[in-house]
Amino acid sequence: MRIFFASSDSIALEVLRKVSDHYNVVGVLTAPDKPSGRGLFLKVNDIKVEAINRNITVLDPVVLNSDVIGMVKKLKPDLMLVFSYGKIFRQEFLDIFPMGCINVHPSLLPKYRGPSPIQTAILNGDTIGGITVQKMALEMDSGNILAQSQFEIKSFNTSADIFRYVSLNSFNLVLEALSKLNKGHIGIVQDSNQATYCSFFNKQHRMLNFNLSAFEIKNKINACNPWPLARAKLDKDEIIFHRADFIKTTDYSDQAIGKIVSFDPSKGILVKTEDGILLLLELQRSGRKVVDYKSFYNGNRDLIGKIFS
C-alpha cells in the first residue's frame, strides 16, 4: 500500500515513524516553514524533519492548488492518512486516492468535531477522552468511524499530557483502520444528531477570572497548557500557570476571591475561588523557568495573603 501522509503537528510524529516502518510512505504533505524567535529565522516542523531524514518526498505548499494536485498524482498514492494537518481538503484533492482518505482525530466522534478536541474536553471537565480513525468526508470530522478507543482524563491532566498520550497510542488504531479498509469495511456511520463542535483556541483564552468556580479555573489552566498558557497578575508580575487541581471546600470562605490563602507541601499553593480552593501545581513568573509549587513557594516566601487579579 502506497500511503501519502499529511500533518503539520508533532502529535503525529510517532504515527509517521511507525507507518513508515510498516508501509511505503510515498510522500508527506506539511505546512511551510514559519518564522520563529526574535530573529524570525525559518523553523522547520518536526514532521518535515522526520520525512527528510527518511528520504520521503515532502510537499509544503501554502495553497493546495492544481500544481500540488499534479505533484501528488505523480507519487501514485493509494491512500492518504491525515493527522492534524490544519487545512480543509477540497473534493478534487480527496479524489486523488483510490482507497480514499483516513483521518486520526483525538476525540470520541461525533463528540468534539473541529480543531481543538483535546483542549475542549479538558476545558469542559470531561473524565473520558478518545481517539477516532475516520474515513474523510467533505463535512468536517463527519466520516464513517473505522476504529475508536477511549482513555481516562485525570483531574490534573493538561492538554500537553493528552497530546503525548494520543501521539503514542494512535498507531494501533491506524493499523486497525487500514486492515478494515483492506477487507472492504465501510465503517460505522456517525450519528450527526449527537455531534458537538469545538473551535480554535487562541490567546483570548489565557487570562484567568478568579470569580469562576475552582473547577472551571483548574480546567482552563490545564486546557491552556502547552498553549496559550493561562495567566494572571500578582502585584506587578505576570504569573503563568502550567498545571492545577482543585478542592471543593467551604474552608477560607471569609477570604477574598483570588487570594493566596495557604501553602500545603503535600497539595500545592492554595488560592481562594468563588466556591472552593484552586491548587496551583506548576507555575512560573514571566521570563523565568517553570517550577513545581514547592520550588515556587520557596523562592517567594511572601506569597500568602497576596491576591491575583
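Using N, Cα and C of the backbone, Cβ positions are placed for all residues, glycine too.
The 10 Å shell around the Cβ of Ser107 ((6S)-5,6,7,8-tetrahydrofolate binding site) contains 25 further Cβ atoms across the protein chains shown. Sequence annotations record features per position, and here Swiss-Prot assigns (6S)-5,6,7,8-tetrahydrofolate binding site to Ser107, Leu108, Leu109, Pro110.
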Environment of Ser107, Leu108, Leu109, Pro110, the listed (6S)-5,6,7,8-tetrahydrofolate site - residues of the same chain whose CB lies within 8 A of the CB centroid:
His105, Lys111, Tyr112, Arg113, Pro117, Gly130, Thr132, Asp141, Gln148, Gln190
Sort out the sequence-distant neighbours of Leu108 ((6S)-5,6,7,8-tetrahydrofolate binding site) for me: same chain, 6+ apart, CB within less than 8 Å of its CB, listed by position.
Ile128, Gly129, Gly130, Thr132, Gln148, Gln150
